[in-house]
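Here is what Swiss-Prot says about this protein:
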{"type": "DOMAIN", "residues": "4-89", "note": "domain 'Core-binding (CB)'"}
{"type": "REGION", "residues": "137-181", "note": "region 'Disordered'"}
{"type": "COMPBIAS", "residues": "141-154", "note": "compositional bias 'Low complexity'"}
{"type": "DOMAIN", "residues": "158-349", "note": "domain 'Tyr recombinase'"}
{"type": "COMPBIAS", "residues": "168-178", "note": "compositional bias 'Basic and acidic residues'"}
{"type": "ACT_SITE", "residues": "Arg200", "note": "active site"}
{"type": "ACT_SITE", "residues": "Lys224", "note": "active site"}
{"type": "ACT_SITE", "residues": "His301", "note": "active site"}
{"type": "ACT_SITE", "residues": "Arg304", "note": "active site"}
{"type": "ACT_SITE", "residues": "His327", "note": "active site"}
{"type": "ACT_SITE", "residues": "Tyr336", "note": "active site, O-(3'-phospho-DNA)-tyrosine intermediate"}
Amino acid sequence: MSSTQFDGDIDSFVSYLKSNRGLSANTLKAYRADLTACLHLFELRGVTDLNEITLDDLRSWMAVESRDHARSSMARKTVAVRGFFAWAYEHGLTTTDPAATLMTPSIPSTLPAVLTESQAEQLLDVAEHAVATNQYKDDGGAAAAPGSGKAAGKTADKSADTVNRSEAPARADKRDNARVTAESQRNAAILELLYATGIRVAELVSMDIADIDFSNRTIKVTGKGNKQRVVPFGLPAQRALETWLEQGRPVLARTATDAVKSRAANALFLGARGGRIDQRIARDIVHRAAREAGVPDISPHALRHSAATHMLDGGADLREVQEMLGHSSLKTTQRYTHVSIEQLKNRYGQAFPRA
């Protein structure tokens, strides 16, 4: 990320948001990147003072940025810039607020892509099958006792040499097999939990083990703006989580260095090196699972859409789904009723004789 002479002002603004708005770390990171890129562009144009930036300058910046970014991204960038200049004006850094009338680009209301219920079931079945076919009983990497079989009658040196050369690859194979099994168990648990709860991928990767309440079959989720909610999950997700925590997680945890292990000690899901899993890996797990299951390619967010739509199809109340998804506005949740209507039209056309 390019640095600018305005980095100090950006830092102060982000600190203000963190203290007063309760925005998530991901949102703050995105705002910081948006502001740095915007002000770096003005710096390249010779701007040395925030007071030199006008509304026309900001509109010109938006025109440049909109060539390479979707409207949803531009909407976020505009909110960040408008918020920054409002803060700068309130704190006496500028004599005017040039962004006060800067318009946020309208975002077209598109129907989210979703899997059918049978496709979702197929996705989860394939993940469960992968656990079964990759099943490997991990023994913690213990080696067989030396000095047995043909090596017993030879000298200690020869015996040790034989064991070292023959058993080292075997131990490596055991570790590799155990890791593959552990990752399959983790992937199945991730897919089950995403679909069962409709949580966001950012919420998933930030979860700790303590956030799961198996007795009530619920999870505590920290969403946007650090707002917390409690979401229920079903028996298939419980089984997948228990298998991962009891069998798979200890295997991946052993691969971590002491420093990584300390940072990820409470993390629910781990990566291949034993650290807390990141969003990129979680997204890749979902995309890869969709390919292997032969269903339409989806993202974790599309799996969230699918969960919401299937709940509404099953008779759930709209406000219940709103609470589950952590939407601040009911209008956001209402998008999923449109999807259900489209599915109803398709079913009607296929099943009704006078369609």
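Any Cβ shown, glycine's included, is placed from N, Cα and C.
The most densely surrounded of the active-site residues Arg200, Lys224, His301, Arg304, His327 is Arg304 (count of other Cβ atoms within 10 A of its Cβ). Each residue contributes its Cα atom, and for Arg200 (active site) and His301 (active site) those atoms are 6 Å apart. Geometry remark: His327 (active site) versus Lys224 (active site), CA distance 9 Å.
Each residue in the domain 'Core-binding (CB)' (4-89) gets a DSSP state, and the totals come to 67 helix, 0 strand, 19 coil. Confidence annotation: the domain 'Core-binding (CB)' (4-89) carries a mean pLDDT of 90 in the model. Of the recorded residues, His301 (active site) and Lys224 (active site) place their C-alpha atoms 15 Å from one another. Counting in whole angstrom, Arg304 (active site) lies 15 from Lys224 (active site) by their C-alpha atoms. Arg304 (active site) falls within a helical segment according to DSSP.
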